[in-house]
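Here is the structure we will look at, set down as structure tokens.
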Amino acid sequence: MNTFFFKAAFCAYLVSALGYVASLLVNRFRIAKMALWLMISAFLFHSLFLLYRLFETGQTPLLGFHEALTFFAWVMAGIFLALQFKTRTVVLGAFVSPVVCLLMIYASLGLRSAVTIPAVLQGGLVPLHVILSVTGEALFALASCAGAMYLLQDRFLKSKKAGRISRLLPSLGDLDRINHLCLLWGFPLLTMGVLTGSLWARLALGNSWLWDPKQVWTFTVWGTYAVLLHQRLAIGWKGHKTAVFSLLAFLLFLAAFLVERAFFTTFHRFL
Amino acid sequence: MGILLIGMSHKTSPLAVRERFSLSCENRDHPLDRIRQMPSIREALYLATCNRVEVLVSAAEEAEQAVEEGLKALMAERGGISGQELERCLYTLSGAEAVRHLFRVASSLDSLVMGEPQILGQVKEAYREAVEHGVTGILLNRILHHAFQVAKRVRTETGIADNAVSVGYAAVELAKKIFGRLDGKVILLVGAGEMSELAARHLLKQGIKSIFVANRTHARALEMAEQFEGKAVVLEQVPEVLKSVDIVISSTGASNYVLTRDMVAAALRRRKNRFLFLIDIAVPRDIEPTAGDIDNVYLYNIDHLQELVDENRNHRLREAEKAEAIIEEEVGNHTAWLSTLDVVPTIVEFREKIEGIMKAELEKSASWRHSLSEMDQRHVESLMASIVNKILHEPTACLREQSRNQNGKAYAAALRKLFKLER
């Protein structure tokens, strides 16, 4: 049952991603609409999978690395779908669904069994820390997807090639709104994630700042987004600049993540 | 029964002739009232729009010639023009040709602006009127409903209605691509001009909040402001107003730039980088071209818009080919249905005749069947019924099958002869 839901969700995500790509290739909005419905069903299966895991193991299914990845994918898909109520951005799924698919593939490599959690990580603070941080990061990932699509549409409109594909892409206004909403929600969530993490570190280890590579990196990313949010809200950055900046910020986040995983040992690694 | 269509369209007749048939003249009776009274006509549809007049009737096949003459005379009378003049404008189609024509009309393939959506509504309205006049029957009902389906298929399966094909709509489409929704947005119209006013009107229909109108002469600005229910400003105020508008349509006769790059850049800072869509319809240009390089500013001039329109028009033409293929397929379906219609009465009569024989024989045998038990009597009856059904099945199926490849009539005739069916 457990893997059935996961497989069903993955298949639906995959077909949905193919549908999105196809809709861009043959320039048909109807296919994108169908892909959206597939993504909704994938999300439901995915939710069932996570719930099943939760009840089966009796612990929040996100402390293992692969578990955290599916959770990341789930949050990303969920927020994208929720945004469909506020904006007309169906085709943005063409950027979101492949990312979700990749996360699911990677997650599937190590999902066989539930991880055992050492005593020091037990308690409510650690899952809370992970949920908040991962949700915040998923929102940033979505902001970067919207940013990438924004740059594409912006190029079409600036070069007056507003014909074929451009018709399918969401409007600049909607994409910018997604960027805005994701920053607005993602930043406080990540902030709270960092705070709960350091609170836990203080309680469990007696020190809230450990010079752990992941702490340093997260703090840098947090700082970058703080600057972006400030520019957006106070200075009035909008559109093109924020799209570029949020794309770069997320690439920085990814690069740091990969470098850290490859070259550093960190206290912070997933189980 | 056959289908006959007589009509004229923007392709075959001048407006001066078409307008004489418009339905808006209320003092005259509806043409269907007249058509209904003509002999041999069973069903009728009268469609009149500004671009076409079409009369579609179903009539007995042998009377087709007379019906055609009658309809032409009626149209000449209604239009108040000579038969000769009318003849030049009219086309007459029958059978599958007529069906194809109706399908193309309903799908907007025959429209002046191909792919425009109004025509389907007009055909539906004409059908509603025909139903109200009680002049529809099995043939027209089927053709019209089929036409509505075809139109829907063409609309969803081809891109014939995609993209704007006029400069005004192109501006609306671009604005939607930039802003998403247009409600609450503000327009500034600089200078007067037919094309710019048309574009403004298209935009206003999309829920634009308010409009500013600027002109060199204040009196003219006031006049236009009244016309658009907007606010009038003088040309010198334009840089100031820029901070609170989202879309600018400019078409002055000025020889130098009305809006320079610096003005736009300054306005953008003051409006906190909110998107600005500049449409420059003027020749020579009103807006400094480099203004379009600024982030979040989208500048389109008349050539850009025209290019977009041309590209969209070509796209529609390519899509029209797909639509024609769909229509061919559906005309085929319709013809197949029609030809099964030819054999249906024969099948019914055939069945009635054989069943009649069975019933007669059962009655004849009533005297000796009395001696059987009730159960056995019922057994005999169901045995007979099942034999009859088995015998009927093959010829009936064969007849339906043959009717699809045009042989229906010959087979039906043979069957009638073999079994001595009446009529």
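For all residues, glycine too, the Cβ spot is worked out from N, Cα and C.
Annotated features, as they stand in TrEMBL:
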- A:6-27: transmembrane segment (TRANSMEM)
- A:34-55: transmembrane segment (TRANSMEM)
- A:61-83: transmembrane segment (TRANSMEM)
- A:66-259: domain 'Cytochrome c assembly protein' (DOMAIN)
- A:90-109: transmembrane segment (TRANSMEM)
- A:129-152: transmembrane segment (TRANSMEM)
- A:181-203: transmembrane segment (TRANSMEM)
- A:215-235: transmembrane segment (TRANSMEM)
- A:242-264: transmembrane segment (TRANSMEM)
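Stretch with the most C-beta contacts under 8 angstroms to the transmembrane segment (A:61-83), considering only A:6-27, A:34-55, A:129-152, A:215-235, A:242-264: A:129-152. Through the fold, the transmembrane segment (A:181-203) approaches residues 79, 83, 86, 123, 125-126, 128-140, 142-143, 146, 209-210, 215, 218-219, 221-222, 225-226, 228-229, 232, 242, 246 of its own chain, all at least 6 residues removed from its boundaries and within a Cβ separation under 8 Å.
The largest share of C-beta pairs under 8 angstroms with the transmembrane segment (A:129-152) comes from A:242-264, of the ranges A:6-27, A:34-55, A:90-109, A:215-235, A:242-264. For the domain 'Cytochrome c assembly protein' (A:66-259), the predicted model reports an average pLDDT of 83.
A Cβ distance under 8 Å defines the sequence-distant neighbours of the transmembrane segment (A:6-27), meaning residues of its chain 6+ beyond its ends; these are 34-36, 38-39, 41-43, 45-46, 48-49, 70, 73, 77, 91, 93-94, 97-98, 100-101, 104-105, 108, 111, 164-165, 167-168.
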